[in-house]
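As written in TrEMBL, here are the features:
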type	residues	note
DOMAIN	269-347	domain 'Ig-like'
SIGNAL	1-19	signal peptide
TRANSMEM	378-399	transmembrane segment
Amino acid sequence: MSGLLGATILLSLVDVLQAFAIEKKGDVFKKTACPAFLIFENVAYLADMTFELPCKCKPEETSSVVWYFQKDLHSQETTVLTDFNGTVIVDSSHIRTGSDLLKRFSIRMFSLIVFRAQVRDSGHYLCGTREGLFFYGYDVDVQPTRQITVAFLDNDEHVQEDYTEKEFTLFTTFWDWTSCDRCGVRGEQRRIGLCYVQSAQLRPRYRTALPNVSSCSSRAVPPHFPHLIQLRSPEVAIRSCLATCPKKEVPEEGVQSISNIVYKLGEKPHLPRVPIQYHRQPPKTDLVITCPGARPEHAVAWDKGSVRLYRSHYLVGVRKHMRLFIDHGNHLHLQRVHRRDKATYFCWREGELVAGFQLSVPFQPRRQRSPTDPESIFVMRAVGISFAVIAGIFFLIHASHCLSRLFWKLPKS
């Protein structure tokens, strides 16, 4: 009876806390007044990142919001990002790069979440009602990773200098350093930098963190300016780091002794205690491996067995003709898979070893072709036509040679 009473009290407390959270959320909207003239807050991200846009203000009586997307302001093409109930839920683990925006968004607590944003997702996002009343707007700038500049600070490489023209100045705004991507061994840290512009000619309808400063592909940049993202690309700085692993609970003495005996008997090889996924990949095909739960802004590292795949050697673009490389979204790529790629690939996330990916490449014996196969018929036709052409050329050359000899033997009058 006392247990039932305790459970009832606990559930009552949970309901009170939820009501308090909803009431607190409502207080935020009460305190935040919507602007009388709609302006757009400038935000910038790197491609393949997931971003969230909160609806910072709305009338108190509004229980759900509708999000709209416009590539250009006052455009006739407007995309509605909602089911008109504000309950669109997307499982981010099933989202692929390059899919349409309508398959990569979710609305939660009046906020719009866009998964794995692409450059084409840049534009205006507006929070409003189904009747077309707008409360708040964003100017989203998704900057590309294709021409990204990489600086390895351990090799005395430096980030880009500021670029100054008569009407504007380009510079890089860096995010904080990520945590060390490995622990107990040498790891790496990344620092993402996005392109920003400073100019007195920016459009006043766009709200920025600093006066006269916005991201390079923002709609605040005047149209007569050149394409700034071509003059200055985003960049990434990478440096080495060393972090200690957090202490884990040590098993009891008896359990530890038993595990040592099993290890000495050689019953199982020593492998990290992480979930292992098994996969068979046909040879000469491409494979992309994703670290579970990782996002492009996370600190992620990859190992091939006991070999550390450091970005200083395996980041995409470091060397030409790379079959094995890591992209800027933290994915591991294996192109034209060979049998020597057979191994267990381990993934680190935020300095902790989290998963393994055991890859096997089966041997595919050559298939014996029959004379009736289309490939065999094509080859025989090609060989026959080639033989006929060569024989014809040989016959013509031999005939012309005989005629020339006959012509020279004829008596001359």
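Including glycine, each Cβ sits where the backbone N, Cα and C put it.
In the predicted structure, the domain 'Ig-like' (269-347) carries a mean pLDDT of 90. If one looks beyond the transmembrane segment (378-399) by at least 6 residues along the same chain, the residues whose Cβ comes under 8 Å of a Cβ in the stretch are 371.
With helix defined as DSSP H, G or I and strand as E or B, the domain 'Ig-like' (269-347) counts 7 helix, 28 strand, 44 coil.
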